[in-house]
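*Asks:* The feature domain 'Alpha-D-phosphohexomutase alpha/beta/alpha' is assigned by TrEMBL to 52-84, 119-167. The Mg(2+) binding site annotation in TrEMBL covers SER65, ASP269, ASP271, ASP273. The feature active site, phosphoserine intermediate is assigned by TrEMBL to SER65. TrEMBL lists 199-276, 290-410 with the feature domain 'Phosphoacetylglucosamine mutase AMG1'. Annotated substrate binding site per TrEMBL: GLU363, ALA364, ASN365, ARG450, PRO451, SER452, GLY453, THR454, ARG459, in sequence order.
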Amino acid sequence: MAQFEEVSQKSKLHPKPEGLTLQYGTAGFRTHAKHLDHIMFRMGLLATLRSKKTKSTIGVMVTASHNPEEDNGVKLIDPMGEMVTAMWEGYATQLANAEQDSLLKELKDIIEKEDIDMSQTASVYVGKDTRPSSASLSQAVLDGVSSLGGKTHDYGLVTTPQLHYMVCCCNTHGCYGSPTVEGYYQKLSQAFLQLTQNKRLLVDGANGIGALKMREMEPFLRSELQLVLSNDGSSGKLNHMCGADYVKVQQKAPQGMNIAVGERCCSFDGDADRIVYYYTDSKGCFHLLDGDKIATLISTYLKELLTQAGLNLQIAVVQTAYANGSSTRYLEDVMKVAVCCTKTGVKHLHHAAQEYDIGVYFEANGHGTVLFSKAAQKQIQELVKDSDTNDERKRAVKLLESTINLINQVSDRRVIDTTDAERRAVTPEGLQDAIDSLVKKYKSARSFVRPSGTEDVVRVYAEADTQENADSLAHEVSLAVYRLAGGVGDEPKSFH
């Protein structure tokens with residue numbers, strides 16, 4: 001077929017380095033930008049096949065989120081703005097790792113397995129972040145799409161949530177909103193202004209795409225909210241001593257932000273799909289509102305509105321084993337909110353949240369959202385229109401409606417394997433026993449390890465009665481992982 005001939009010719013312009021192997025994880029592909037040109041071309045191919053299969057527009061976002069500026073990555077977005085399905089994650093890995101001379105064979109294998117009609121039209125939306133490598137890598141995606149005859153819309157510089165929004169708008173034929181950057185700003189700003197009376201907010205843009213887009217959104221917030229933007233990309237390096245990951249890990253404000261006592265502050269990550277909040281108290285102590293606290297605050301607020309509106313909808317918070325244990329106890333014992341535990345990764349949290357009328361999920365790092373079922377949305381919208389609704393119920397249900405509009409409802413280390421929602425290590429042998437022994441040394445302690453879904457590292461979670469004990473436990477578990485799982489480089493160093 002002439003179509004495959006074009007793929008064959010164009011793929012030679014984006015050759016795969018021999019022997020290079022990458023895996024599509026929770027955040028798609030992510031590594032040093034110099035290794036990604038062939039990956040981007042092939043993800044353009046895969047997005048085109050996915051579009052033909054689903055008869056819908058598919059998104060491709062070029063970003064490495066919170067990774068260093070020299071890295072980059074890519075992730076695919078399914079028709080309703082959600083992450084691509086697990087089966088197609090496998091296809092992504094299969095296609096990415098095919099050697100140059102077997103690329104067409106792997107491509108045809110996917111077409112045959114999925115029974116894809118190649119005469120079907122294809123539409124792919126492409127976006128990128130501000131990394132120096134993103135321009136050429138997004139062009140490689142466009143090349144991949146065009147070589148299979150797909151149509152593209154290049155949105156250029158957008159945040160990851162913005163591209164998710166565009167894809168969902170397109171596939172709902174405008175019911176979700178207008179698939180433009182201006183439409184995004186209008187929908188979110190109008191809902192935000194209905195919900196909040198904040199007067200001033202300090203924003204750390206991580207020297208990334210979030211800073212650029214906050215500047216664009218400012219006029220839509222009118223004089224209702226004063227934004228003070230730092231790390232806006234005019235100087236400084238992406239994610240260097242700034243951004244959500246830096247603030248969470250270092251437990252301090254980013255460089256370049258001057259905070260007065262009690263001022264509300266927040267930090268985006270590199271592609272602005274993650275956020276954490278923080279403030280300093282009168283004693284100068286730093287307080288972080290991470291994903292666990294955000295989920296607790298949101299679920300508490302929504303439960304109060306549901307009570308005021310007289311709506312009998314089931315609300316639940318979905319957490320992972322790495323959620324702070326105190327937040328779980330508070331939600332279940334004090335707020336009487338259902339808590340569901342699942343494996344780490346937004347795709348697992350998202351799937352579990354879909355089982356409830358209202359599902360709230362936030363990873364501790366700030367990734368998360370709120371999902372309203374179609375049935376819940378219908379009940380809320382019907383109550384808004386009901387002329388017999390009294391003032392208190394009307395106010396509460398309108399705030400719920402604004403919340404729906406504000407929420408963007410879309411979200412080798414493998415030597416370690418886990419079970420029990422990633423709370424127990426299965427391999428390597430002896431690691432879980434070592435962790436259990438270490439945990440017993442500390443009061444109110446827990447610790448888990450898991451392979452990262454975004455980087456070639458192992459993540460260690462530790463919790464104890466004091467910060468010092470938590471740090472010590474984390475260090476000891478890190479040493480156990482290093483020694484039993486074949487650590488690379490120097491041994492982990494103590495936090496103190």
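Glycine is treated like the rest: Cβ placed from N, Cα and C.
Remember, predicted model here, so these are calculated numbers, not experimental data.
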*Asks:* By a simple count, how many Cβ atoms lie within 10 Å of the Cβ of SER65 (Mg(2+) binding site), its own Cβ left out?
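*Replies:* Cβ-Cβ neighbours of SER65 (Mg(2+) binding site) within 10 Å number 28.
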*Asks:* Write out how many residues of the domain 'Alpha-D-phosphohexomutase alpha/beta/alpha' (119-167) are helix, how many strand and how many coil, based on DSSP.
*Replies:* 22 helix, 13 strand, 14 coil
*Asks:* In terms of Cβ proximity under 8 Å, which residues at least six beyond the ends of the domain 'Alpha-D-phosphohexomutase alpha/beta/alpha' (52-84) contact it?
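*Replies:* Distant contacts of the domain 'Alpha-D-phosphohexomutase alpha/beta/alpha' (52-84): 27-33, 36, 39-40, 43-44, 46, 92, 114, 116-118, 120-129, 131-134, 137-138, 141, 160, 163-168, 170-172, 206, 209, 237-240, 243-245, 269-271, 273-274, 346-347, 350, 408-411, 454-455.
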*Asks:* Within the same chain, and leaving aside SER65, ASP269, ASP271, ASP273, name every residue whose CB is within 8 angstroms of the centroid of the CB atoms belonging to the recorded Mg(2+) site, in sequence order.
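*Replies:* Neighbours found: THR63, HIS66, ASP129, THR159, THR160, GLY208, GLY210, PHE268, GLY270, ALA272, ARG274.
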*Asks:* Compare the Cα of ASP271 (Mg(2+) binding site) against each of the binding-site residues GLU363, ASN365, PRO451, ARG459 and report the nearest.
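*Replies:* Considering only the listed binding-site residues, the nearest one is ASN365.
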*Asks:* To see if you understand the setup: which same-chain residues, six or more apart in sequence, place their Cβ under 8 Å from that of ASP269 (Mg(2+) binding site)?
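*Replies:* For ASP269 (Mg(2+) binding site), the qualifying residues are SER65, HIS66, ALA206, GLY208, GLY210, ASN239, GLY243, ALA244, ASP245, ILE275, GLY366.
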*Asks:* Give the sequence-ordered list of residues that share a chain with GLU363 (substrate binding site), lie 6 or more positions from it, and have CB atoms under 8 Å from its CB.
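*Replies:* For GLU363 (substrate binding site), the qualifying residues are GLY291, THR320, TYR322, THR344, VAL346, LEU349.
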*Asks:* Any idea what the Cα distance is from PRO451 (substrate binding site) over to ASP273 (Mg(2+) binding site), rounded to a whole Å?
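*Replies:* Between the alpha carbons of PRO451 (substrate binding site) and ASP273 (Mg(2+) binding site) there are 21 Å.
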*Asks:* Calculate the per-residue pLDDT averaged over the domain 'Phosphoacetylglucosamine mutase AMG1' (199-276) and state the result as an integer.
*Replies:* 93
*Asks:* Measuring Cα to Cα, how many Å separate ASP273 (Mg(2+) binding site) from ASN365 (substrate binding site)?
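*Replies:* Counting only the Cα atoms, the answer is 11 Å.
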